[in-house]
């Protein structure tokens, strides 16, 4: 009741934030004349002055006004662009670790320079994160002159970059890259075997461009580095042959069965479920195909893998459609990002689903993978000391940003009022009528000389609209995952008079559509443009620009509503940039996925009650409200899914932090001898306790079992029973001490045979290797636990609590296994010394093996050359077997060096 009154009196939280920042803007403006008076050298010198002041104890907040004034003046001199007051507010929002919502065309890239410059002064590095490599390169190269003018260095991280180049990029003051690359480099760093192999410094400050796309749309996609597991391609092919024989079970909402079948499809949750008849039929088919033993159940423990394959095949055939969820290109199944419409090369679906789709499409089935390291964007970006972001649409997701990332959203006022007209949705009964109306709208706008952008939700739809336009002989450009390489070129000219561009979802996001086209792209296309040519191009562009503005600006047509209002707003936001005129309209039908799956029957009944004729559209607020309600419902469900993913991943994340901290400590340590000694004592104590329980009677002792364990696990052959028979005073504690002393002595002997330095290096390598191997297996176990944990709900248990409890027990076991396996390997390591002849022969063998490998690589290169140049086949050298020239010296024989010691105690080294 009082909320609206209070809001009227004091303004909204956002208005108060903007008002507070306007005071700081005045401070920056007051310094403008002072900065104008400085020479280039003096302006550049400000950077060193700020760094010195920071070193003396001043804070970044205290430097803000001056640093922003310097960045603004540098922008004017280098880029010919002056930051507006609202852009200064955007920069302050980013510096404070918040999300700045700025409308399309308000200069987000330029806004970023303010916060990036200020925070780079600390020397701890700033990461600028973009959604794709093209934008990372474009923004880095665009802003590089500004940063370098101010004395800062800029780097770009890209996939498949040489290590030295990548290390230099991370060492720069400002590093540009994609969210994927930053995340994968973090995982790679935590698989490195030395500190020199690591790339990233401490994660200090990140500015995320299109923050909603990265932190929300991609939050459910984990980052995984994996290695190959066993090959099951034949099984996928066999099961793929059986799946088409299954029929879908279709039931109307009233419970009336319209088609008896074997499985049900739930489109809302994107799941497939076999029914009783389906299970029986699948078992019969698998038995007939020889994949399931006679009389065996699909649900017996050792057949669960087979059941997973069946479900993967079912989902591949029912829920994944070519040109919608994926495309087939060069014999590979490449996924499409549902939010951007871009392809995601290299990204694969897990749980055998990708292989099932490959089998369905008849392409080469790639081997399944085993996870080596993984994290989520949610957990990776929360590692930064300070995080901020920019986007055109964040306000609808403000609650999620606050809940999960602790980030507030500030809506930055536009520099000029928005002049775009957003028309009400038009809803048709069928898709055919809807597309006909879209074509009519395109023709009308083209006749007026207005550019048109048609937004579609899938490649399939974009190609269908393209076919309709071809029939009408309307010239147009298609921008989807198949033609992404032409993206920048198509978007650059999408604002020309009468231009028609079809784009899947938000393909082309991050590049502005300039009314009249982009004259800079035309200039760049010329080899050595003269001043006259540039002037002519600008004049022609000015005419086109004016023509489009007078016609009404860019018209955005959306062929359907997306699940998220935010994606719809992004599409609308392509029109009406920087106060330009423009308009937008959504065309819907009752056959659209969102309407069919989520919109209530009330809307459908309401439209039928109106007695709508074919080709008629309804334009009513009630329908628009119902659609928005459906979208909110879907957004809420997606948020719950992301939150649930985070709650589960938080458990794994805590474990990840412990393991990665342990790994980093090991890499930094020069000597892990003390750690190994602690492990040795703990592992030995646990082994002894297993056979001689603490505070137990000698009658309860399993001496034979202890002797066997000591030999198998520690390589110690100790006569414990003999010790006990000979010494009555040997009780539990003294026996433990004596065994430990024997183990330490045996290990020390190895150290005397080899150098202490060599053994320390070996210990470190073994510890890292054991840790990595066991962590990899632990990730796989956690994955299996997570996929089956929901079943605990049937036993009236809380799945989340059960997951936390069991994963903690698994982690405790992992830590014990790391100690146990490390000591086991180190206890069994053999230390030996070769005689000179044997050493020479070994070195020769190694050299020949290396030569053979080089020959193979060279032979491969020759084969390529032969194909191209018709070169003659080269002869392959054969390896000669090494000949021993002296007799081998036994380990217990006198050392040939004449020291008088046994050979094994004199010249020995680690094998």
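Residue numbering: from 1, along the chain as shown.
Each Cβ is built from the backbone N, Cα and C atoms, and glycine gets one as well.
The ATP binding site annotation in Swiss-Prot covers 87, 105, 106, 107, 108, 109, 512 and rests on sequence analysis. For 895, 897, 906, 907, the entry in Swiss-Prot reads Zn(2+) binding site, with the evidence type sequence analysis. Annotation source Swiss-Prot lists compositional bias 'Low complexity' at 873-883. Annotation source Swiss-Prot lists region 'Disordered' at 865-892.
Each of 102, 104, 110, 111 belongs to the same chain as 87, 105, 106, 107, 108, 109, 512, is absent from that list, and has a C-beta within 8 angstroms of the C-beta centroid marking the ATP site. Spatially close to residue 105 (ATP binding site) yet at least six residues away along the chain are 512, 577, 578, 580, judged by Cβ distances under 8 angstroms.
When the binding-site residues 106, 512 are scored by other C-beta atoms within 10 Å, 106 scores highest. Counting only residues at least six positions away in the same chain, the Cβ atoms of 90, 100, 102, 209, 390, 391, 392 sit under 8 Å from the Cβ of residue 108 (ATP binding site). The Cβ of residue 109 (ATP binding site) has 17 neighbouring Cβ atoms from other residues within 10 Å, across all protein chains displayed. Here ATP is bound by 87, 105, 106, 107, 108, 109, 512 per the record. The longest Cα to Cα distance in that group is 17 Å. Taking the Cβ of residue 107 (ATP binding site) as centre and 10 Å as the limit, one finds 19 other Cβ atoms among all the protein chains shown. Under DSSP, residue 512 (ATP binding site) is assigned to coil, being neither helix nor strand in the three-state scheme. In the three-state DSSP scheme, residue 108 (ATP binding site) falls into the helix class.
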